[in-house]
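*Asks:* Please find one structure pasted underneath; my questions will follow.
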Amino acid sequence: MARALVQLWAICMLRVALATVYFQEEFLDGEHWRNRWLQSTNDSRFGHFRLSSGKFYGHKEKDKGLQTTQNGRFYAISARFKPFSNKGKTLVIQYTVKHEQKMDCGGGYIKVFPADIDQKNLNGKSQYYIMFGPDICGFDIKKVHVILHFKNKYHENKKLIRCKVDGFTHLYTLILRPDLSYDVKIDGQSIESGSIEYDWNLTSLKKETSPAESKDWEQTKDNKAQDWEKHFLDASTSKQSDWNGDLDGDWPAPMLQKPPYQDGLKPEGIHKDVWLHRKMKNTDYLTQYDLSEFENIGAIGLELWQVRSGTIFDNFLITDDEEYADNFGKATWGETKGPEREMDAIQAKEEMKKAREEEEEELLSGKINRHEHYFNQFHRRNEL
């Protein structure tokens with residue numbers, strides 16, 4: 001048993017060693033997060049963030065994240081990391097978000113930016129590569145955005161992906177693979193997957209061409225030779241004995257008529273079978289415009305609007321390894337999700353108990369006040 005555990009541990013360590021982690025943030029060092037994250041000063045009215053685990057949590061320190069603090073505000077904050085390209089690699093983007101204020105209208109999504117982003121002036125017009133996460137507004141909008149920037153345009157997934165709308169922490173994961181497949185997960189479970197080119201309506205941008213027919217493949221029809229003649233000499237005859245060439249000229253040898261070209265003769269090299277071939281990707285076109293590649297990823301941030309504040313963002317991760325992301329999610333959100341719900345349930349019971357006690361006090365106070373009122377009225381009548 002011990003040997004098996006050691007082997008499992010070794011495999012896990014090997015996986016960690018093979019994974020490339022481009023960015024990881026858990027906010028475990030207190031206020032030092034301000035050294036890594038930069039608040040935009042583009043607009044003095046932007047809302048501010050604070051580090052908080054909220055009113056209820058699974059672990060007071062581990063569940064601390066960036067929390068919005070002001071109602072009816074835009075928010076803009078970002079963090080840099082070493083620029084990289086995901087060309088030929090899987091790209092995994094993951095984070096947790098908790099709308100403990102029971103979101104009525106506002107964003108809970110993140111954005112991934114190119115390395116040349118101007119952090120100090122980050123705003124709604126700043127170009128981004130990827131926008132991913134929940135967006136809620138009223139009864140109509142309760143969706144997960146997955147927007148990709150491609151060829152100077154933003155393209156959104158055409159499928160309606162529902163988000164979570166309760167007040168608990170949820171784990172959101174986006175996986176983009178080099179084979180142009182993708183996966184969207186919530187709480188570790190796949191809720192949508194498919195093809196990037198089809199689910200973003202990008203098929204026209206990924207062109208396909210038919211390769212030229214093989215040069216050694218015979219054509220399906222043959223043309224009549226340019227020197228084709230309808231008649232030919234009758235080789236069985238000879239010049240007449242009394243024919244005088246000086247007087248009569250050249251002897252016109254008898255000619256025989258050839259059968260018509262179409263009259264049952266089959267020209268050589270004819271193949272009536274259809275030449276079968278498969279469509280092939282135009283690799284030159286795709287190399288220049290690949291639908292899942294971003295050349296200069298260098299920042300992650302929050303740029304959103306909220307009517308009611310209180311959302312907490314935590315456990316940010318950008319990596320090239322799906323298994324690492326899965327394990328990271330289990331080690332963070334997976335460890336605290338249960339205790340978080342337990343604490344919320346306890347608080348709810350306490351609040352209900354307190355509300356009943358206050359109601360009973362009000363009722364009791366009302367009865368006492370009524371008795372005092374009747375008593376005073378009785379004495380006034382007696383005095384009269």
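Cβ atoms are placed via backbone N, Cα and C, with glycine included.
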*Asks:* Per Swiss-Prot, which one of GLU25, GLU293, GLU295, GLU303 shares the alpha-D-glucoside site with TYR109, LYS111, TYR128, ASP135?
*Replies:* GLU303
*Asks:* Check for me: which candidate out of CYS12, CYS105 does Swiss-Prot give as the disulfide partner of CYS137?
*Replies:* CYS105
*Asks:* Which one of 229-232, 341-344, 381-384 shows up in Swiss-Prot as motif 'Prevents secretion from ER'?
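*Replies:* Residues 381-384 are the ones Swiss-Prot records as motif 'Prevents secretion from ER'.
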*Asks:* Counting across all protein chains present, how many other Cβ atoms fall within 10 Å of the Cβ of TYR109 (alpha-D-glucoside binding site)?
*Replies:* 22
*Asks:* Could you measure the widest C-alpha to C-alpha distance across TYR109, LYS111, TYR128, ASP135, GLU303, the residues recorded as binding alpha-D-glucoside, and give it to a whole number of angstrom?
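*Replies:* Largest Cα to Cα distance for the alpha-D-glucoside-binding set is 17 Å.
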*Asks:* For the repeat '1-1' (191-202), give me same-chain residues lying six or more residues beyond its boundaries with a C-beta closer than 8 angstroms to one of its C-beta atoms, as numbers and ranges.
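*Replies:* Beyond its ends, the repeat '1-1' (191-202) has Cβ neighbours at 144, 148, 150, 155-159, 161-162, 176, 180-185, 291-292.
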*Asks:* Would you list the other residues of this chain near alpha-D-glucoside - those whose C-beta lies within 8 angstroms of the C-beta centroid of TYR109, LYS111, TYR128, ASP135, GLU303 - in sequence order?
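*Replies:* Everything else in range on the chain: GLY107, ILE110, MET131, PHE132, GLY133, HIS145, ILE147, LEU302, LEU304.
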*Asks:* Secondary structure at GLU303 (alpha-D-glucoside binding site) (DSSP, helix/strand/coil)?
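*Replies:* In the DSSP reduction, GLU303 (alpha-D-glucoside binding site) maps to strand.
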*Asks:* Among all chains shown, work out which of the binding-site residues ASP135, GLU303 has the most CB atoms within 10 A of its CB.
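*Replies:* Max Cβ neighbours within 10 Å, all protein chains included: GLU303.
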*Asks:* Of these binding-site residues, LYS111, TYR128, which scores lowest on Cβ atoms within 10 Å?
*Replies:* TYR128
